[in-house]
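As C-alpha cells, the structure follows; a few thoughts come after it.
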Amino acid sequence: MNKFTKTDVTPEKLFIQRRKIIQGMSVLSAAAAFPNLAAAKKTEEKRTALSFKADNKPDLILTPENKVIGYNNYYEFGVDKASPAKFASTLKTEPWTIEVSGEVENPMIFTLAQLLAFPLEERIYRLRCVEAWSMIVPWIGFELSRLLEKAKPTGKAKYVAFETLYDPANMPGQKNTLFGGGLDYPYKEGLTLAEAMNPLTILSVGLYGKTLTPQNGAPIRLVVPWKYGFKSIKSIVKIRLTERQPVTTWNQLTPHEYGFYANVNPEVDHPRWSQASERIIGSGGLFTVKRQPTLPFNGYEKEVAHLYKGLDLKVNF
C-alpha cells in the first residue's frame, strides 16, 4: 500500500516551526491558494489562535495548510474547488448560535463563546472525499457527545439531524441555484445517535492551531472521519434529535449515488467512479500526484465497525 512520506507532504513539526519563526507565514500560504491576496488577508485576519490539547500521531503527516484551506467543497460559495476560498469571506460568523432541539429533555441554544468554552483538543484525522481524494487535517474541537449530553437525549432519540446556516445574501450558492450546484438549501445532514455519540465524532472550531476559515466551515462544523466528507456538515446552526431518519441533502438529491450512511468503503463504488483508491492532495507534482488504496472506514474500522453489526453495507451505503 502506498503511504505518505515526508517528501509527499509537510510534517506537523515543520508547520509549527514556520509559524513560530516566520510571522505572517500563514497569510502568505493562504494567499497562494486564493485567487487574490486581498481575500486571503481578509480571511486570515479573522482567525485567532486557540488553546487546545495537542494530538501526537507521528504516523499521520499533515497535508500542507494551503491545500486544506484552498481546495474545498462548499457549494454555498460555488462548485469549483477554489470558489469557497474566493467567496466565503462574506460569511458572517458573529454573532453565532446553535439551537439543540427535538427529542431532548433540555433544549438549548449555545452561543459561540459557550461552544469555544468546551475543552478543546486537536484531532489529526484522515479526510476522504466521495470524489476519491484525501487529506490529513489537524482539526481542533470537542466530542459531539459532550454537547448532546448537556441536552439529554430522550429514549425516543435515534438520530441526530444537522442544518447549515441559510443566508442567501452572503452565501451566493443559496441565492443562485446554478452557482450552488442545484442543491436544496439549507444544507442538511444526519447521523444515527450511536454514530453521533462515538468518541471519534467531533464538532470542530479550528484547524492548524487557529479558528476555522470560512471556506472550511467556520465557525463550527461536524467532522466524522470514517465517512465521506459530505457528511461533515459546515457552519452548523441547528441540531435536532429525532426518532426517524432525517432527510439529508445529497441523499435526497441522488439517493442511488449518495447513501445516508456514506461510510468510506473501497468495495462500494460510486456509480460513476471507483472508490478503491484515492488521490492524495498535496503529494507529488503537477503530473505526479500519488494515489493510495482506500481503507475500509477510512482506517477507523477498529473504532466504528461495531456500529454496523448485522447491517449490509453494500445495500446500506
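From the backbone N, Cα and C atoms, a Cβ is placed for every residue, glycine too.
Note that this is a predicted model, so its numbers are computed, not measured.
According to Swiss-Prot, the residue from Thr164, Thr177, Thr288, Thr294 that belongs to the Mo-molybdopterin site alongside Asn72, Tyr75, Glu76, Cys129, Asn216, Arg221, Ser232, Ile233, Lys234 is Thr164. Under the DSSP three-state reduction, Glu76 (Mo-molybdopterin binding site) is assigned to helix. If you take the C-beta of Glu76 (Mo-molybdopterin binding site) and look for same-chain residues 6 or more apart in sequence within under 8 angstroms, you find Thr164, Met171, Pro172, Gly173, Gln174, Gly180, Tyr185, Tyr187, Ser235.
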